[in-house]
Amino acid sequence: MPAALGLLLPWLSLVGALQPGLEPPQSDPTEAGAVFFASEYNSTAEIVLFRSVSASWEYNTNLTTANAALQVEASLEEQNFTELWGKKAKELYGNIWSNFSDPQLKKIIGSIQTLGPSNLPLDKRQQYNTILSDMDKIYSTAKVCLDNGTCWDLEPDISDIMATSRSYKKLLYAWEGWHNAAGNPLRAKYQEFVTLSNEAYQMDGFEDTGSYWRSWYDSTTFEDDLEHLYNQLEPLYLNLHAFVRRKLYDRYGPKYINLKGPIPAHLLGNMWAQQWNNIYDLMVPYPDKPNLDVTNTMVNQGWNATHMFRVSEEFFTSLGLLEMPPEFWEKSMLEKPADGREVVCHASAWDFYNRKDFRIKQCTTVTMEQLFTVHHEMGHVQYYLQYKDQPVSFRGGANPGFHEAIGDVLSLSVSTPSHLQKIGLLSSAVEDEESNINYLLKMALEKIAFLPFGYLIDQWRWNVFSGRTPPSRYNYDWWYLRTKYQGICAPVSRNESNFDPGAKYHIPGNTPYIRYFVSFILQFQFHKALCQAANHTGPLHTCDIYMSKEAGAKLREVLKAGSSKSWQEILFNLTGTDKMDAGALLEYFSPVTTWLQEQNNKTNEVLGWPEFDWRPPIPEGYPEGIDKIVDEAQAKEFLSEYNSTAEVVWNAYTEASWEYNTNITDHNKEVMLEKNLAMSKHTIEYGMRARQFDPSDFQDETVTRILNKLSVLERAALPEDELKEYNTLLSDMETTYSVAKVCRENNTCHPLDPDLTDILATSRDYNELLFAWKGWRDASGAKIKDKYKRYVELSNKAAVLNGYTDNGAYWRSLYETPTFEEDLERLYLQLQPLYLNLHAYVRRALYNKYGAEHISLKGPIPAHLLGNMWAQSWSNIFDLVMPFPDATKVDATPAMKQQGWTPKMMFEESDRFFTSLGLIPMPQEFWDKSMIEKPADGREVVCHASAWDFYNRKDFRIKQCTVVNMDDLITVHHEMGHVQYFLQYMDQPISFRDGANPGFHEAIGDVMALSVSTPKHLHSINLLDQVTENEESDINYLMSIALDKIAFLPFGYLMDQWRWKVFDGRIKEDEYNQQWWNLRLKYQGLCPPVPRSEDDFDPGAKFHIPANVPYIRYFVSFVIQFQFHQALCKAAGHTGPLHTCDIYQSKEAGKLLGDAMKLGFSKPWPEAMQLITGQPNMSAEALMSYFEPLMTWLVKKNTENGEVLGWPEYSWTPYAVTEFHAATDTADFLGMSVGTKQATAGAWVLLALALVFLITSIFLGVKLFSSRRKAFKSSSEMELK
C-alpha cells in the first residue's frame, strides 16, 4: 500500500465511525417495528451511500493517494453503517423476519442482515479496503512502455492497437506488456483478498464469496442452468471459431495459426479476446456490400462524446422513457481528462442514491463500438432513473444480468442498418441476403464470441473462492479454462509468476462477471418481446424498436420494479416465460449459423481444437520491429508506386550513363553524376519506406522478397556528401582506366583496346609484351591507388549502414547461400587438378618458346606471356600450345575476315542463334541505338563490352568495340545472352529484373557460345570448311576451349578473394599489391615479369576493380554454364560427348532456358537451377565431364614429359631475385620490394604453403586420374569474366 495511506489508517479507523444521527434506531422487535426500521434504514443509507459513492467517484476520476485515503474512509463508514444496522437487524428481527407477512419487507430486512466485509474486524476491514484500492490503482495506472520511453495506457492506446493493428509482433508486445504490467503485481494482493472476502461472507452463512454471488440469482439450479445454456450455444460458437481461425490463417499463415489448434489470444481485436468485432475487416463475408462500420462517418460528421450521449438519450426518450437529469450532463466524465489526471477509464454508470445525481464515467472515443458502449451505460442510468423511488434495498436489477442487458437491448436496435440510416450514419439500408450475412457476422463477432469468456471468468473465480483452484494453480487453471471454452491460447509462455486473470478489470475491481453471460441471453429474450410489442414483422435481427412507445411501456415496467420482485416474475411479465432461454438468441443468429456451417464444410474445417496443447512460436527478432507496417495490401500499393517511379528514374540515369560511356566528356560526367544522385535519392526514399514494413508474416512471398531487396540501400545509405564523394571516386577511377594509354619514346600512344590487347594477343616478342604489360599497369592501376583506399572506406560504411559487416559480406549476400564461401572452395578444389595439368602443359610450351632464361619448369609463369593482359584467358597463345598442329584447328577468324564479316553481321548471326531456339529477337531499338564498334569520330569511349537494360521494357543495347575475330564473336554471344535475359524478364517488377544470381546472367550468353564454338556449328554458318571428327581434332578443340574456360577459373576465384579480404581488413592498405601477387601466385601459378612494390597497384589495372563490379559471378558462371549446357543438350536430344553438342535450332532447349530466364530474380536461384537442370545445386560434374577427354590426354602427356604439377620453386622470377640494397634495408620478394624481415617471414610462410600445396596437388592429380570417370558433385552458385 502507498506509504502515505499507511500513515492515515489509524486516523481512518476513528473517522470511519458513524456520525451521530446515522446509527440504527431503537424499534420494536415486531413486523410493525421492522417497517419503521426499514424506513429509517432507507433515509440513512441514502446519506451514507451518497458519501461513499462520491468518494469513490473522486478517486476514480483522480487517482491520488489523498483521494485513495478518502475513498477508504468512506468505505469504512459505509461498512460501519452496514455492520451496525445489520447487527441491529439481526438482534431485533433475526428470529422473526422470515415469518413477516409483507414479502417486500421480508426481502429488505433479509438484505440488511447480509454484512459481507462489514463482518470483518476493523483491522481486517481496513486491510480489505486497502487491497481493493491498491488493486484498482495498479490496474488503472498500468502502462506498457517501449525502449524509447514512450508509454501506452490501456485506454485509448493499447485498446486501439489491439483493435486496429495487424502486426503479430506489435499485438504480442501490447498483449504481453499489459498482462505483465496489470496482472503480475496483483497476484499476492489477490490471494489476500480471496482469504478476507471468504472470511467475511462465511460469517453471513455462505460457503464462500462465490456462493454469496450466486445467491443473487435466487435459483437452486443456477449453475446447472448456465451449463445447459452454454451447451445450447456451443455449436454456434464452434462454427464461428473455425471460420475466424481460417481467416486468421489466411492472414498470418501456418506459422502462427494451427487449423486444428487454439487461436493465439492476441489476434482477435481485443485484449481479452472477449469480442472479435474489431477484426471484422479480415473476414467480411461480402466485401463489396456496404461497410457496416460507421466510425469514419461519425468522425467525418464531427461527432464528439457529448453528441454520442445525446443520440443515446434521444433513443430512450423516443420510447417514452426518461431523459437525463441536469446533474448527469454537469457532473459526468464523458471523456478522458486532458489535464493529466490519472483516471479509471473503464466505462461505468453511477447511482449516487439521492434520486437526482446519476453519472457516467467513460473515456469515450468516437467509434461505432463506443457508440454501443454509450447505449449500454445509458441503459444502466435509465434503470437507475426508473427505480429511483424504490427503497435503497431494491435499487438494483431484478438480477445482476438484467442491469447489463438493458443497454444492450437498445444496442440491438441501434446497430441495425435501418437505424444507422435513420440517424444519418448510413446512406442506405440494403437488406438483401448478403448484407444480412455481413451484419449478422459482425454481431456474432461481438455477441457469440463473448459467450465462453462471459461464462468462464466466474467459473475460475468460483473455483478460486471454493479452494478448488489453489494459489499455486491460479494461472494454469485460468489458461486451462480459456482454452477449454474459448479455444484460445497464450501467445507467449505463461507460468505461476504471472497473474493473467488480473489483467481484466473485473478481477481487481471485484465485479462479478456471470451477469454478462446472463445478460447476453436475456437481452435477446427482451429484444424479441419488445419487437413483438413494437409490431415488428420480419427476421428478428432486422428489428428496430426506436420510437415505439408500446415497447417503451413494456420496458418501463421491467425497470421500475428494480429488484422488488423476483427476476423470474419480471421476466415472465415481459416474455411469457420465467426461465432464461437461448431460443431467441439462436433465432436471431439463425441465418448466419447456416451460412457458417456451409462455409466451414467447403473448407473442411475441424470444429474445436483437438490439438489442445499447440502453442505458436515467438516471432523472430521479437520484440524488435513492433512499430513496422504489417498491412500487406498497403505494401503492394507501395511496391506498385515504387515500380512505376523507379522505371522513370532508372531510365534517366541509364540514358545519362550511356551518354557518358559512349562519349567521355566532363559535361557528360556531370550529367551522369547528377542523374546518379537522383537515382540514389529515389533509392534511399523508397528503401527507407520499405524498411517501415515488417514482411516477415506476409503471405505473398513476392512482396516479402521485393521489400527485403529494397531495404538494402547500397551506396544510397551514405550521407549525401559522402555519396557524392563515392560517386565521384568511382567515376574518376573508371575514367582513369578508360582513357589510360601507354606511350612509346616516339610519342606513339596505345589505348588498351584494340592496341595493347592486340599486342598481348599476337606478339611473341618477350620485351614487346613486357612493354605493354608494365606500361598498362603504370598508366592505369598505379594512378588510382589512393582513390581506391577511400573507396574501400566508403563502401564498407555503406555496407554497415545496410546491416552488413563489410562490403564483401554484402556482395556475398546476393547469392542467398549461408555456405557460399565453403561451396566455392569445394568447387575450386574439384577443378584444381584440371587447372594444374593445363598449367604444367602450357608452361612446357612457353619454355620451348622462350627458353630457360624466361621460364622455370618448376616455377610460376611470367604473367605477360599468356596472351591476355591479366592472363585470365590463354586462348590467344593456342598457336604455341596446339596439341596436334597438323590436325584441324578451330579458328573462325580467317574465314570471317575473308568473307568480309562486319561487327553488325556478328550481332545478326548471334540474333539468329537465339531466335532459332524460339527465343525473342532483338527489338528495333537495339539495332538503332547500340554501339557495336569503336566510334571513328575520335570520341573517348568505355570499350569494355557491356549489355544495357534501359528499364522501359523496350530499349536494350550493347556497347562493344567489336573487332572481327572469333574471340569477339564469342563475346557478342555473351553480351546478347544478357540482352536475351533482359527481354525474357522485362515484365517482372523492376526489382526482379536481374539474374537469379549474378552468375546466371553471365552464364546465359556463354552457354550459347559453347554451341557456337563447336566445329559443327561453325561449319553450319560457313565459318569452317569441314568438320573433322577424330581424337586429335577433338583434343585441339577442347584445348582451345580450356585455354579460355579452365585457365580462367583461378583468376575468377581470386579476384574477390582479394577484395573480400581488403573489405574485411585482413589485407591492409600497405600490402594491397603484395597480397594481390600472393594470391595470383597461389591460385594461378603466375609471377610478375618485373619487380613490383606498394607504389604499384596492379589490381587496379583490371576493369572490374575501379568499376566496382563484383567478380566471383564469373567463376560461378563458368561452373554453371556447363550444368546448363549439359541440361540443354539433353533437352535437344544430343547424343555423344558433351563438347560436340550444338543446341542450335532446338526449340525444346530454348523453352527450358526461356522459362528459367523469365523468373529473373523473383525466386531464389536454386529454383531457376532446378528448372533447367532438374536439381538445385552448383556442381562441377558437367564441366569435368565436358573436359574429360582433354584431362585424360593432359595427364598422359605431362607424365610422359615428367612435368611437375604446381610451382614448388614459387620464388622464382624471370629477373634477378637476390638484389639487396643494404642502405635501404629492403629486399625483392615475389616481385615485391619489401623490408628484409617481411621478406624472410613471407618466405617461410610461402615455403610451408608450397609444401602443403604440392602434396595436395599431387594427391588430387593422382586421385582424379585414377577415378576420372566418376561423377564430380557439389553445391553452390556461379558466373563469368
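From the backbone N, Cα and C atoms, a Cβ is placed for every residue, glycine too.
As given in Swiss-Prot:
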ACT_SITE  E377  active site, proton acceptor 1
ACT_SITE  H506  active site, proton donor 1
ACT_SITE  E975  active site, proton acceptor 2
DOMAIN    629-1208  domain 'Peptidase M2 2'
CARBOHYD  N42  N-linked glycosylation site
CARBOHYD  N62  N-linked glycosylation site
CARBOHYD  N80  N-linked glycosylation site
CARBOHYD  N99  N-linked glycosylation site
CARBOHYD  N148  N-linked glycosylation site
CARBOHYD  N495  N-linked glycosylation site
CARBOHYD  N535  N-linked glycosylation site
CARBOHYD  N573  N-linked glycosylation site
CARBOHYD  N643  N-linked glycosylation site
CARBOHYD  N663  N-linked glycosylation site
CARBOHYD  N746  N-linked glycosylation site
CARBOHYD  N1177  N-linked glycosylation site
REGION    1201-1240  region 'Juxtamembrane stalk'
TOPO_DOM  18-1241  topological domain 'Extracellular'
TRANSMEM  1242-1262  transmembrane segment
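Everything Swiss-Prot records as a feature, shown here on the structure.
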residue : record                         : Cβ within 10 Å
N42     : N-linked glycosylation site    : 17
N62     : N-linked glycosylation site    : 17
N80     : N-linked glycosylation site    : 20
N99     : N-linked glycosylation site    : 9
N148    : N-linked glycosylation site    : 7
E377    : active site, proton acceptor 1 : 24
H506    : active site, proton donor 1    : 17
N573    : N-linked glycosylation site    : 15
N643    : N-linked glycosylation site    : 16
N663    : N-linked glycosylation site    : 16
- Message: Give me the long-range Cβ neighbours of N535 (N-linked glycosylation site): same chain, 6+ apart, Cβ under 8 Å, in sequence order.
- Response: S548, E550
- Task: Round to the nearest Å and give the CA-to-CA distance linking N643 (N-linked glycosylation site) with H506 (active site, proton donor 1).
- Result: 52
- Go through N495, N746, N1177, the listed glycosylation sites, and name the one with the sparsest Cβ surroundings, counting other Cβ atoms within 10 Å. N746
- Message: Here's one to test understanding: among the recorded positions N62, H506, N663, N746, E975, whose C-alpha is closest in space to the C-alpha of N148 (N-linked glycosylation site)?
- Response: N62
- Item | Shortest C-alpha distance to N663 (N-linked glycosylation site) - which of the recorded positions N80, E377, N746, E975 | E975
- N42 (N-linked glycosylation site) versus active-site residues E377, H506, E975 - nearest by Cα: E377
- Message: Return only the integer: C-alpha distance in Å from N1177 (N-linked glycosylation site) to N495 (N-linked glycosylation site).
- Response: 46
- Item | Distance from N746 (N-linked glycosylation site) back to the residue listed as 'active site, proton acceptor 2', taken between C-alpha atoms, in Å | 37
- Inter-residue Cα distance where the pair is the residue listed as 'active site, proton acceptor 1' and the residue listed as 'active site, proton donor 1', in Å: 16
- Message: Whole-number answer please: how many Å between the C-alpha atoms of N495 (N-linked glycosylation site) and N573 (N-linked glycosylation site)?
- Response: 49
- Residue from N62, N80, E377, N573 whose C-alpha is spatially nearest that of N746 (N-linked glycosylation site), among the recorded positions: N62
- Note on the structure: On the domain 'Peptidase M2 2' (629-1208), the mean of the pLDDT values is 95
- Task: Quick one: pull the CA-CA distance for N62 (N-linked glycosylation site) versus E377 (active site, proton acceptor 1), whole Å only.
- Result: 21
- Query: CB neighbours of E975 (active site, proton acceptor 2) within 10 A?
  - Reply: 24
